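Features reported for this protein in TrEMBL:
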{"type": "COILED", "residues": "169-200", "note": "coiled coil"}
{"type": "COILED", "residues": "552-583", "note": "coiled coil"}
{"type": "REPEAT", "residues": "244-278", "note": "repeat 'WD'"}
{"type": "REPEAT", "residues": "288-329", "note": "repeat 'WD'"}
{"type": "REPEAT", "residues": "374-406", "note": "repeat 'WD'"}
{"type": "REPEAT", "residues": "627-661", "note": "repeat 'WD'"}
{"type": "REPEAT", "residues": "671-712", "note": "repeat 'WD'"}
{"type": "REPEAT", "residues": "757-789", "note": "repeat 'WD'"}
{"type": "REPEAT", "residues": "858-889", "note": "repeat 'WD'"}
{"type": "REPEAT", "residues": "890-923", "note": "repeat 'WD'"}
Amino acid sequence: MLVDYSDDEQEIMDNKPKSILVNPEVDCSHLVKKKEEEKALELSKTYNFLGQKKNHLTGNVESVYYNDAVFEEQFHKFNVYGFAVDPNERNRRVIACNQKQEELSTLMKEGYDVDAADPLFSKNVLAGMHKEDKLKQQELKQNRVKANDPSKGEFMGPWAGQQDEQFENIQMNEEQQKLLDQLEEQRKQKIDESKKQEENFVPYMEQHVSQTEQFGGRQFIAPPPELKYVDHTCYIPKRCIQTFHGHTKGVQVCKFFPKFGHLMLSGSLDHKIKMWDIIGNKQCVRTYYGHQGALRDLNFSNDGRTFLSAGYDKKILVWDTEYGKVTQTINLQHFPYCVRLNPDPAKQHSFLLGSSDKRIKQFDIRSGQQTLVYDEHLQAINTITYFNQNRKFVSSSDDKKLFIWEFGIPVVIKHISDPEMHAVTATATYNFLGQKKNHLTGNVESVYYNDAVFEEQFHKFNVYGFAVDPNERNRRVIACNQKQEELSTLMKEGYDVDAADPLFSKNVLAGMHKEDKLKQQELKQNRVKANDPSKGEFMGPWAGQQDEQFENIQMNEEQQKLLDQLEEQRKQKIDESKKQEENFVPYMEQHVSQTEQFGGRQFIAPPPELKYVDHTCYIPKRCIQTFHGHTKGVQVCKFFPKFGHLMLSGSLDHKIKMWDIIGNKQCVRTYYGHQGALRDLNFSNDGRTFLSAGYDKKILVWDTEYGKVTQTINLQHFPYCVRLNPDPAKQHSFLLGSSDKRIKQFDIRSGQQTLVYDEHLQAINTITYFNQNRKFVSSSDDKKLFIWEFGIPVVIKHISDPEMHAVTATAVNPSGLNWVGQQSNNLIIVYDTKAGNFRMNRKKNFKGHVSAGYACGVTFSADGQFLASGDSEGRVFFWDWKTAKSYRTIQAHDNVCIGVEWHPIEPSKVVTCGWDGVLKLWD
């Protein structure tokens with residue numbers, strides 16, 4: 001029969017009334033109880049007794065971070081020893097296995113919570129665990145087969161097995177062998193086919209949309225006209241507005257087009273590179289096919305016309321973004337992980353590659369060759385990031401270290417390592433103050449560190465385990481954990497050890513000197529006696545140690561014949577070069593007709609309209625002419641005296657060229673006389689004669705008009721600077737500074753040396769006349785300045801200071817009252833020369849450029865208002881003479897800008913020369 005439940009019963013069971021078939025004689029109360037239990041179970045599955053929503057069968061469980069290495073350790077312990085520590089950091093409770101740790105598990109069942117630091121746990125469980133390990137090791141050692149004697153050829157070493165071990169030689173039947181051979185042949189065929197496909201594969205680009213329809217006929221990479229960069233405030237995005245589909249596998253990297261971001265590049269694991277339109281139709285516009293392995297990294301050039309792609313096929317491809325062609329392919333031996341072009345506009349041809357072989361390699365796009373290797377990391381390179389105006393970069397690796405490098409110098413500047421550090425896998429730079437960053441931590445000023453002091457501290461750290469901090473304001477000591485344990489422990493406790501600290505001098509320095517003394521005593525004791533000089537057995541300082549043994553290696557007949565042949569070839573080459581030098585006659589080549597170019601007037605005569613007038617000078621803004629002709633770097637350039645209508649340039653390609661500055665702006669003459677690179681040039685007052693000094697150890701005196709050599713002076717050392725005396729009565733005399741530490745005075749008429757100024761301790765860098773040409777100042781690599789009176793080889797004044805550095809280039813203010821010198825610490829110093837005195841002006845210092853290691857020239861404007869200097873990064877700096885403020889910086893050359901000359905008449909014309917083989921005229 002049909003039974004209807006009461007209202008109370010319906011509330012307990014279900015909101016909807018139900019009817020069931022039942023026997024009226026049977027009690028139905030158990031059905032009601034069953035429904036109550038089911039409903040309570042459903043509620044318990046969703047909520048716990050506190051009313052919180054459940055996320056686990058046992059209640060509300062919070063996620064706790066558990067390190068992979070610690071998890072593996074505990075998992076291994078549980079499987080081997082039968083216990084593990086609870087992963088919750090707040091609770092160090094031990095979890096036990098019933099089968100392997102019966103006593104511990106029974107205790108835990110009885111309600112006893114065993115902690116990892118509990119004495120019961122350490123005494124019973126850990127002690128037993130170590131005993132078991134020791135017993136197992138002893139059994140293994142006892143059952144180990146003896147390694148036998150190595151001399152009898154029966155040595156088994158660490159490969160010796162156990163005594164009970166038996167190995168069966170399993171042999172295959174004919175069918176199995178045939179099947180194995182077939183599989184091997186198939187494998188080889190597949191390898192050959194893949195190799196052929198790789199060899200025949202040509203990278204290409206597929207265009208998905210019409211360029212006229214999509215981009216309105218404009219250049220593909222050109223941004224839309226309405227897209228302009230404006231300073232703006234950024235916001236966090238809220239929703240997805242577009243999804244880009246096209247790749248068949250995971251996308252590894254994506255990059256926006258530089259500056260404008262109207263296009264986006266994506267690299268995927270499906271070997272494809274796709275270009276997406278972000279501003280317009282938001283679709284894939286191009287696909288670049290070039291890699292045969294998954295993509296790893298992409299990098300745009302500054303203008304976006306070129307991009308690099310690195311893939312797991314061990315290739316770096318240089319793409320032309322516009323035309324979709326591969327301009328350079330670089331094959332590697334290891335997997336590339338990151339690739340970064342140098343953002344400096346002058347170094348866009350260079351890029352850095354971090355790979356799986358633990359090295360950072362520098363490549364040149366133009367040649368495709370590797371130019372430098374930065375080798376210090378211990379594991380694969382993850383990231384490379386430029387900072388400090390792209391002069392430096394930081395690299396991260398799987399060795400959990402950060403290294404700071406200077407671009408182009410493969411020596412680590414700073415080493416960052418910490419036990420708590422982990423491998424850095426991605427980087428970015430941003431300065432929250434809005435200032436331009438030059439370091440990871442903010443704006444950091446560079447501190448000059450002397451090379452000699454750096455070498456000293458580097459040697460101390462490697463040998464004795466400590467070094468002094470390079471910061472001059474902070475004399476804190478840096479210690480090595482392995483070699484200076486006491487000192488490093490003190491420093492870890494927060495004690496800053498100073499170089500002048502008594503603790504440091506007593507403990508560290510005293511121990512260091514003791515070690516040195518003991519080593520010297522041991523060497524002296526083991527030294528072979530020098531013997532008596534009168535008997536012909538005297539060995540002197542060449543006496544070796546008593547334990548030393550030397551073997552006499554003798555060559556066989558074939559080796560001796562080969563050595564003789566090579567020696568004959570070497571002598572023949574030397575004889576041929578000597579004959580060429582003896583037979584070589586200097587000459588001049590005229591490139592233009594004198595009548596057409598100069599209107600029949602004398603070659604060196606200035607144009608009639610060119611006259612010297614006092615004028616105000618201005619800093620140039622743009623390059624108006626580039627002079628090409630030299631095949632190697634240009635070392636020096638000089639304007640024609642007074643008028644500057646001609647310019648002389650000397651290059652490392654052994655040639656001297658004369659350029660027309662006022663007329664057609666081209667090369668008019670080439671002087672061939674040197675068989676080595678040019679070092680210096682110097683005009684006479686009237687320009688009719690000039691001197692040239694080269695690395696072929698020759699000084700040539702040229703007639704400018706007729707291009708003939710009137711005097712040749714052969715030297716025994718390299719000439720570094722040559723200067724004619726500007727006094728009209730002494731134009732026949734000139735001074736030469738050379739690599740033999742001496743200044744020599746010559747007479748042009750006879751070609752003979754007349755005087756020697758010998759006081760410097762190293763090579764002479766510069767010679768500069770002052771005080772109406774009666775005196776001159778010389779600078780040298782010995783970091784000293786000497787003042788001389790012309791014709792008297794005695795030093796009048798000796799200038800030396802511990803803070804001074806070698807002066808490599810000099811100039812005199814047109815007023816004749818100031819002398820400036822380019823120091824090798826990126827600083828230009830000033831000396832006052834009033835009334836023949838020579839005093840340092842400490843109020844004026846010109847800095848900001850990088851000239852260390854190069855003799856970058858300095859020059860004054862004709863009115864003395866501005867000072868200009870070259871730079872090792874190809875830049876030209878302009879300062880105001882009165883305030884010493886930097887007014888303008890021009891990126892002039894791709895390589896070192898070694899020379900700068902201001903035009904004597906034109907107010908804003910400057911010529912620069914660099915090691916990129918180019919001269920440029922700026923206005």
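Using N, Cα and C of the backbone, Cβ positions are placed for all residues, glycine too.
Note that the structure is predicted; figures quoted are calculated from it, not measured.
When each of the listed stretches 288-329, 374-406, 757-789 is scored by C-beta pairs under 8 angstroms to the repeat 'WD' (244-278), 288-329 comes out highest.
Nonlocal intrachain contacts for the repeat 'WD' (374-406), taken as residues 6+ away from its ends with a CB within less than 8 angstroms of a stretch CB, comprise 337-338, 340, 342-344, 347, 352, 354-362, 412-417, 421-429, 436-440, 444, 446, 850, 873. A Cβ distance under 8 Å defines the sequence-distant neighbours of the coiled coil (552-583), meaning residues of its chain 6+ beyond its ends; these are 675. For the repeat 'WD' (374-406), the model's average pLDDT works out to 91. In the repeat 'WD' (288-329), helix, strand and coil residues by DSSP number 0 helix, 25 strand, 17 coil. Between the repeat 'WD' (890-923) and the repeat 'WD' (627-661), the number of CB pairs under 8 angstroms, six or more residues apart, is three or more, so the stretches are in contact.
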